[in-house]
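A.B. asks: This is the structure I want to talk about, given as C-alpha cells.
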C-alpha cells in the first residue's frame, strides 16, 4: 500500500540522516558544534521571548480570556516547547547548509510540527472568539457551557481533520480519496441528523445573536411567556396562565418574536368619546384639561390629545402618553389614575362621556316626523278622558 511504502521511505531516510550526522561531525566537528550551539542559543532566545511576552500580557486565567489581550495570551500559552526547538533547528539548517538527508528530515519534522502547532492556535482562537461573542449573555443555567462543549468537539474534529490531511499529504499519501470519504460521510451524517443539527444551530443562533435571553418575556404566534431555559434543542417558556411551554428552537426562530423585556418605556394610546351635546367651547377645553391631568401624574410623559372623528354616537378623541417604566403593572396603574381623574374633571366641567345609543324617528303617511309622546287626534277622540264611549 502507498502508506506502507511512504513509511519505509521515511524510515530509510531516518537511518540515512544518522549516517549523514556522523559523517558531518567526523569531517568538521567544530562547525557542527558551532551550529548545534547556535541552535541551542536560538531556542533559549525564543523561550525567553515567549516568557517575556507572557509576562507582559499576563496570565490568561487572571482575566476573562475573551479580551483581545486575553486571546493573545491564551494563544501564546499554547505555544509548545517542541515547536520552538524545531523552529530553531529549521533556521540553523537553512544557514548551515548541512547534509541533504539532515535537511530533509528537519524540513519534514518542522512541517509536521508547524501544522500541529497551527491547529492548536486556530482551535484556541476560534473558541476564544466564540466565548467573546457570547460573554455578555446571561447563561447561568449552563446552556452556554453545554453549547461550548459541543462547539469544542466540532472545532476539534474540523481543525484536527484538516491537520491530519495536511500531514498525510506531506508523507506522500494520496488524500483525494480520504477527502472524498470525509465529504460523503459528512453528507450522510447531515441527512440522518438534519433535525438535530437544525435545532442545534438555532440554539447557537439564540445564544450568540441574543434575540432574547433567560428571564425575558416574549410573544410568538399569539403565545406570551417568560423564558425559563434555553436548551440545545428546545426553549422552555412559562406562560402567563402558569403552564410551561416547550418549543423547538427551529420553530421558535421561524416566527416573528416580540421581546417585551427590551422596553425602555411604554406608549399608551387611550381613545375616548364625548356626547354630541358637548359645546364647542367644551370640546376645545378637553385638550388642555387632559394634558394637565397626564402631566400631573408622576412617571408619565404627555404626547398628544386630539379629536379624531365623528362616531356613530360620540365625538371621538385619542390621547397618547408614555409610562416612563418598562413595568406593565406600573403602566396600568398610571392609566387607571388618569382615567379616574378624567372622570372627576369631566363631571365638574359638565362633560359627559359617550356610550352607544340609538335614536328612532317615526313618520306619518305624509312623511312628516311624529313625536311618539304626542297622541294622534283619533286616539284622543276614542280615549275615556276625551268623553268618548
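Cβ coordinates are placed from backbone N, Cα and C, and glycine is handled just like the others.
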A.B. asks: Have a look at 180-208, 209-237 and point to the one annotated transmembrane segment in TrEMBL.
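C.D. replies: Residues 180-208 are the ones TrEMBL records as transmembrane segment.
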A.B. asks: To which of the residue ranges 62-84, 85-107, 108-130 does TrEMBL assign the term transmembrane segment?
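C.D. replies: From TrEMBL, the annotated transmembrane segment range turns out to be 108-130.
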A.B. asks: Quick one: which of 32-49, 248-265 does TrEMBL have down as transmembrane segment?
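C.D. replies: Range annotated as transmembrane segment by TrEMBL: 32-49.
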A.B. asks: In terms of Cβ proximity under 8 Å, which residues at least six beyond the ends of the transmembrane segment (32-49) contact it?
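C.D. replies: Those are 24-25, 81, 84-85, 87-89, 91-92, 95-96, 98, in sequence order.
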A.B. asks: Residues of the same chain, at least six outside the transmembrane segment (108-130), with any C-beta under 8 angstroms of its C-beta?
C.D. replies: 10, 65-66, 70-71, 74-75, 78-80, 82-83, 86-87, 89-90, 148, 151-152, 155-156, 159-160, 162-163, 166-167, 170, 208
